Amino acid sequence: MEVDSNSSSGSFILMGVSDHPHLEIIFFAVILASYLLTLVGNLTIILLSRLDARLHTPMYFFLSNLSSLDLAFTTSSVPQMLKNLWGPDKTISYGGCVTQLYVFLWLGATECILLVVMAFDRYVAVCRPLHYMTVMNPRLCWGLAAISWLGGLGNSVIQSTFTLQLPFCGHRKVDNFLCEVPAMIKLACGDTSLNEAVLNGVCTFFTVVPVSVILVSYCFIAQAVMKIRSVEGRRKAFNTCVSHLVVVFLFYGSAIYGYLLPAKSSNQSQGKFISLFYSVVTPMVNPLIYTLRNKEVKGALGRLLGKGRGAS
């Protein structure tokens, strides 16, 4: 097979979501609708967290970080995906592919860390309620947020550097809808054993380890919730924790399946579906999961809309 000796030139061909061209218009409509819902839902949470004084708490500080992250995460891949679905041009420039690879890895790993931080916030809120605002002070909150974003950036630099050093095959056909590490490894013509080892090691650190920490923390949280005497207090703590756990299992489950399976042996159709799930579906449903049964967010939205009607 021909090896491209000049890996930093030319462009890549993204093979897309489906192998059936007649389904592209359907995928376009569904993904566009999902993207618009993602924008509306996450922007709403960000605005409410900033504008409503009652939501100026550590929990909503981290939730607004998650919403900002989801907005950037989905925007790093969906516009290019929609462009490829809409017309015959399926190419992406080398620079565009590199940018997408770096940004997607950065934001994905950041979310892995941020979900652990949010679990810690829930642990302190439920298990140490009297000391919550003292422990989760603004300095610590900003520090934890910075660690999340910088940790994700470190992951991006490591994985992207190893991936982009591979000799790519001449056809440059990426069998996916975005430039992602597993798909790029499959495109390589040389030995990828080191890349797969790095991928497995880094992804274990950013997925399996955080999930284990979160599950342990929720064991303590469950014990504390059962001791709450107030039915309303127990229900509020339960709803908040369940919402976070649902997001955790959706995101980590799809990430573990998509990244920790051997890059050369995983089913490509399933791989595309999983990539679509954590790049499109998860950012869309996160705002719904966190707000459907959240009286504080509903109240803040009602107050904001009420002010708007009053001003008009």
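Every residue, even glycine, has its Cβ placed from backbone N, Cα and C.
Here is what Swiss-Prot says about this protein:
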{"type": "DISULFID", "residues": "CYS97-CYS189", "note": "disulfide bond"}
{"type": "CARBOHYD", "residues": "ASN6", "note": "N-linked glycosylation site"}
{"type": "TOPO_DOM", "residues": "1-24", "note": "topological domain 'Extracellular'"}
{"type": "TOPO_DOM", "residues": "49-57", "note": "topological domain 'Cytoplasmic'"}
{"type": "TOPO_DOM", "residues": "80-100", "note": "topological domain 'Extracellular'"}
{"type": "TOPO_DOM", "residues": "121-139", "note": "topological domain 'Cytoplasmic'"}
{"type": "TOPO_DOM", "residues": "161-200", "note": "topological domain 'Extracellular'"}
{"type": "TOPO_DOM", "residues": "223-236", "note": "topological domain 'Cytoplasmic'"}
{"type": "TOPO_DOM", "residues": "262-272", "note": "topological domain 'Extracellular'"}
{"type": "TOPO_DOM", "residues": "293-312", "note": "topological domain 'Cytoplasmic'"}
{"type": "TRANSMEM", "residues": "25-48", "note": "transmembrane segment"}
{"type": "TRANSMEM", "residues": "58-79", "note": "transmembrane segment"}
{"type": "TRANSMEM", "residues": "101-120", "note": "transmembrane segment"}
{"type": "TRANSMEM", "residues": "140-160", "note": "transmembrane segment"}
{"type": "TRANSMEM", "residues": "201-222", "note": "transmembrane segment"}
{"type": "TRANSMEM", "residues": "237-261", "note": "transmembrane segment"}
{"type": "TRANSMEM", "residues": "273-292", "note": "transmembrane segment"}
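Counting other Cβ atoms within 10 Å of each Cβ, the disulfide-bonded residues CYS97, CYS189 show the lowest value at CYS189.
Mean pLDDT of the predicted structure over the topological domain 'Cytoplasmic' (293-312): 71. For the topological domain 'Extracellular' (161-200), DSSP puts the residue distribution at 19 helix, 5 strand, 16 coil. Here the transmembrane segment (237-261) does not touch the transmembrane segment (140-160). Their Cβ atoms form fewer than 3 pairs under 8 Å, with each pair 6 or more residues apart. Here the listed stretches are 25-48, 58-79, 140-160, 201-222, and the one with the most C-beta pairs under 8 angstroms to the transmembrane segment (101-120) is 140-160. Secondary structure of the topological domain 'Cytoplasmic' (223-236) per DSSP, as helix, strand and coil residue counts: 10 helix, 0 strand, 4 coil. For the topological domain 'Cytoplasmic' (121-139), the DSSP-based tally of helix, strand and coil residues reads 16 helix, 0 strand, 3 coil. Assigned with DSSP, the residues of the topological domain 'Cytoplasmic' (49-57) fall into helix, strand and coil as follows: 6 helix, 0 strand, 3 coil. Nonlocal intrachain contacts for the topological domain 'Cytoplasmic' (121-139), taken as residues 6+ away from its ends with a CB within less than 8 angstroms of a stretch CB, comprise 58-59, 62, 217, 220-221, 224-225, 237, 240-241, 244. Residues 7-17, 24-25, 27-28, 31-32, 35, 160, 164, 174, 177-179 of the same chain sit 6 or more residues outside the topological domain 'Extracellular' (80-100) yet have a Cβ under 8 Å from a Cβ within it. Tertiary neighbourhood of the topological domain 'Cytoplasmic' (49-57): same-chain residues 63-64, 67, 296-297, 299-300, 303-304, selected by CB-CB distance under 8 Å and a gap of 6+ residues from either end.
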